[in-house]
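Just below is one structure, and these are the notes that go with it.
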Amino acid sequence: PHTGRLALYLLGLRATCPKVSPHRSLVTWLKYYLEEDWTGSRRHGHPLTNYYQYGLGVLALCVHHKRVREEVIRRLLTAQHHGRLGHGGNAVDTEAVVALAFTCLERRGLVGTELAAELRAAAHRASRSMAKAQGPDGVIGNIYSTPWALQVFLATGTCQTEPAFGQAMAALLENLEAFGTTATMAQVLPVLHGRSYLDIASMHCQEEPDTLTPLDMEALAEVPGNKTVQLVVECPLPWCYDLKLYDRLVPVPAAASLLDVLQAAAALEPHDFSFHTQDTFQGPFLNEVLGLEARRDKRNYWQLLTAPNISLQMGIADYRPRDEEILILRLSEW
């Protein structure tokens, strides 16, 4: 099911204040996708997509002032209660989207009094959970999860009393260069204006100017020269035959991203290095290196680090390593 993609489209469509209301069939399709998505739980214990996309679907319906069946809402409440919303930055993203959906349903009066109280309590639990997940650098989950957490603080009104809010905002302002794709910009821009996706539901479109005009963007100047990056692949898990599976110097242009480094390594030594990515809303996601696939059912993922042991806060298409930097791809468990 295209739950998340259609949900984001409907959120964006509402935010642009279209002169004609979105066709009713789009909302009907989203409701259909939510039901189709849930059929996966009977076999896998979770939606066919994931709770992030499922939560986005509920949020999009609420923003369009559409009621959602109580059973659909309780699926998310149960998942949050039993800690099924993921790990690391993914957990923050998912819990934030779900909390925003809960807050929207409660604020818009689309549920009964008893359920509204449960949703309010669940949203505040999520807010407290995100505050606890904040690192010493102010980041919550990872840099891309931080805007989602800030949206929850804003939507629930805890931004005035929660110290984590100011620290996370400071971290966000220090790392704005990480938000270079349309999807990540869409997450961070509302926060920079003190807003959340919930504010889309109450926009007065007659007061909105037509800002959807193309801008002449100047191309980024190319950085001259080259650099050499040391690429290391590690697998510390018990079933791997060796800890260090790959260790090579990779020459690339000076402006190359981590993705460019991986592509260059694969081109230089196609028999010794290979990788695969998966397209996501935030850009390409590394899910396989040297034939080793990161799998949800095995609870592992490819962790991106710079030596000696510092996790990267950007995706592979956004991070631009320095000359002589050591980059580590480590298959890790969560």
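Every residue gets a Cβ built from N, Cα and C, even glycine.
What TrEMBL says about this protein:
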- Thr49, Asn50, Tyr51, Tyr52, Gln53, Asp93, Asn142, Gln187, Trp302, Gln303, Leu304, Leu312, Trp334: cyanocob(III)alamin binding site (BINDING)
- Cys62-Cys104: disulfide bond (DISULFID)
Out of Cys62, Cys104, Leu304, which of the recorded positions is least crowded by other Cβ atoms within 10 Å?
Leu304
Hey, which of the binding-site residues Thr49, Gln53 is the loneliest by Cβ count within 10 Å?
Thr49
Using a 10 Å radius around each Cβ and all protein chains in view, which of these binding-site residues has the most neighbours: Tyr51, Trp302?
Tyr51
State the Cα to Cα distance, in Å, between Thr49 (cyanocob(III)alamin binding site) and Cys104 (disulfide bond), rounded to an integer.
22
What's the CA to CA span in angstrom from Gln53 (cyanocob(III)alamin binding site) over to Cys62 (disulfide bond)?
14
Within 10 Å of the Cβ of Asn142 (cyanocob(III)alamin binding site), how many other Cβ atoms are there?
19
Take the C-alpha atoms of Tyr51 (cyanocob(III)alamin binding site) and Cys104 (disulfide bond) and report the distance between them in angstrom, rounded.
17
Reported as an integer number of Å, what is the Cα distance between Asn142 (cyanocob(III)alamin binding site) and Cys104 (disulfide bond)?
25
